[in-house]
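Report on the structure given below.
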Amino acid sequence: MAALQLATAEVCDANPHLILGGELRALQPIFQIYGRRQVFSGPIVTLKVFEDNVLVREFLEEKGNGRVLVVDGGGSMRCAILGGNPVQQAQNNGWAGIIINGCIRDVDEINGCDIGVRALASHPMKANKKGIGEKQVPVNIAGTRICDGEWLYADTDGILISRTELTV
């Protein structure tokens, strides 16, 4: 499933009614841009973890089918919950992108992958491996509530969340 590539600024300009109604939201600009794919979009799959990356890896081992994994890592700056190997696997499995409310590592490797990745920062320490977390639950990231099944649109201007797939 190849989602339509829309410019986030143009989407905002063309849809003030969706913004006012809360159907279209912009994440606060707190994320760094990683990966070769600076523009990406797709249906959202949510995950909530804290300093543990077992469930992140499990999701990315599945076929992505153009989806975007949105991970609420609690904003932790104490370790990385995503590294180069899972990102390589996500690219190979057809994920459009990954948003991490937390840290990543193996930045050079991730930047070589044809996938969109956004994270708060990089950190050299690895995460725990306990497998604790919640799949496909609403998460609150960057001032916005994000639900499984909504749509994400990202480019170099920012990240938008829409209740439904947007069309031109």
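Quick reminder: no glycine exception, Cβ is built from N, Cα and C everywhere.
Database features (TrEMBL):
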- Gly83, Gly84, Asn85, Pro86, Arg105: substrate binding site (BINDING)
- Asp106: Mg(2+) binding site (BINDING)
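Recorded features from TrEMBL, shown on the structure.
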| residue | record | Cβ contacts under 8 Å, 6 or more apart |
| --- | --- | --- |
| Gly83 | substrate binding site | Asn53, Ile104, Arg105, Asp106, Glu109, Ile110, Lys126 |
| Gly84 | substrate binding site | Arg105, Asp106, Glu109, Ile110, Cys113 |
| Asn85 | substrate binding site | Asp106 |
| Pro86 | substrate binding site | Asn53, Val56, Arg57, Leu60 |
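The substrate site is set by Gly83, Gly84, Asn85, Pro86, Arg105; from the centre of their CB atoms, other residues of the chain with a CB within 8 Å are Ala80, Leu82, Val87, Gln88, Ile104, Asp106, Glu109, Ile110. All protein chains considered, the CB of Arg105 (substrate binding site) has 20 other CB atoms within 10 Å. Here substrate is bound by Gly83, Gly84, Asn85, Pro86, Arg105 per the record. The longest Cα to Cα distance in that group is 11 Å.
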